[in-house]
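Below is one structure, written out as structure tokens; comments come after it.
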Amino acid sequence: MFTSAHANRSAQASASAGHYAHRSGEQTANGLISEIVYREDQPMMTQLLLLPLLQQLGQQSRWQLWLTPQQKLSREWVQSAGLPLSKVMQISQLSPCHTVDSMIRALRTGNYSVVICWLTEELTAEEHERLVNAAQEGCAMGFIMRPVRNQGTLGRQLSGLKIHSNLYH
């Protein structure tokens, strides 16, 4: 998983998710927009990172909105992931050109604790600013999921952190 340029430019994006968790159980302290760039061949890594936060947000009275490109969330997956089926809403088959505007409108309402969408292209600076303002206005979190394909290493390792574990060797 990688972080995008927009995620690194905002002090809010670098704050821990716990800072934004509910104190009273009703409203987050502030809005947050985060772009999560992940490898399509390793979707479990993203789930391991996001599910605990989504489960915690599921304890709020507000909805969770998933703006998905084509696939529909399965009820079985939502339940097995520990998310409240009664608070998860999904809009699928959404055109990519309408996704950011739909996310802005949803965040602004304050009806959602979190809005998650999938985009294939990076956000512009103006789109990012509009999303941050909408998230702050609605005291909500927004996650932009952006998959990248594994391009292969072409004989050399990509730079990054490598953690060795005796549990797997």
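Our numbering is plain: 1 for the first residue shown, then up by one each step along the chain.
Any Cβ shown, glycine's included, is placed from N, Cα and C.
Given the structure is predicted, the values throughout are model-derived calculations rather than measurements.
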> Which one of these stretches, 66-73, 74-81, 162-169, shows up in Swiss-Prot as region 'Lon protease binding'?
Replying inline: 162-169
> Could you give the number of helix, strand and coil residues in the region 'FtsZ binding' (106-112) as assigned by DSSP?
Replying inline: 4 helix, 1 strand, 2 coil
